């Protein structure tokens, strides 16, 4: 690491013209270890004296290394100065920093994520569906469902419609939180917005109805599901049978079991 730095400094003496490529190579070596990160500032200052023009690829090396070492906040500082070098952060950089925040073990990382998403919006960088899912997943784990719902709403306002996976994760989070009014609301908003549910969507929704004790709602939703061209799977049947049994409707539960047998679906009591 130190030898590489010394060689870089001596390049002019060796009649070799240092370029952004050689700078990036040195930075890659330094950024491979945490202790090397502390040498980056001096190298950048030296490269300026040597007349090397820092370009986007240089910033990418730095930001990728900082995120790899869990230094997302420092990566943001680097992104903030890119404009001084006539460079702007690209969507991949934003996604990389966002992932670094989401992967953090810090219990308050969710607030950093929300703040960074706001910075992305201000910069005109819209969340991708994979970004959205990643953030919603974190917020669900941290039980920040209102923030997750606001995120989806903001994306739609910005003209980016989250995909079905994002909505399913949001629905699942509200079910886990026991907020069945929001499950209904999100499901309705999906349909109004033209989003087509998939089997997993119905699984989540029917599970929510079961937890709420809404037996009639479960039956209606299965009929709705079949009209949409989907067949109830073993997980949905198990959910319904379990709720029928808990509700004291053993006859209805047996009828469902018979229906499963006729359809060739094996009932698994472990579900």
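In case you wondered, yes, glycine gets a Cβ from its N, Cα and C as well.
Automatic prediction, not curation, is the source of TrEMBL annotations.
Break the repeat 'PPR' (55-89) down by DSSP state and the numbers are 27 helix, 0 strand, 8 coil. Positions annotated as repeat 'PPR' by TrEMBL: 55-89 (among others).
The repeat 'PPR' feature in TrEMBL is assigned to 163-197 (among others). Within the chain, the repeat 'PPR' (163-197) has long-range Cβ neighbours (under 8 A, six or more residues past its boundaries) at 129, 132-133, 136-137, 139-140, 143, 145, 148-149, 152, 156, 204-205, 207-209, 211-212, 228.
Within the repeat 'PPR' (198-232), the DSSP-based counts of helix, strand and coil residues read 27 helix, 0 strand, 8 coil. According to TrEMBL, the repeat 'PPR' annotation covers 198-232 (among others).
The repeat 'PPR' annotation in TrEMBL covers 233-267 (among others). Residues 199, 202-203, 206-207, 210, 213, 215, 218-219, 222, 225 of the same chain lie 6 or more positions beyond the ends of the repeat 'PPR' (233-267) yet place their CB under 8 Å from a CB of it.
Tertiary proximity for the repeat 'PPR' (55-89) is limited to same-chain residues at least six positions away from its ends with a CB under 8 Å from its CB atoms, namely 20, 23-24, 27-28, 31-32, 34, 37, 40, 96-97, 99-101, 103-104, 112, 116, 119, 123, 125. Under DSSP, the residues of the repeat 'PPR' (233-267) split into helix, strand and coil as follows: 26 helix, 0 strand, 9 coil.
When pLDDT is averaged over the repeat 'PPR' (233-267), the result is 86.
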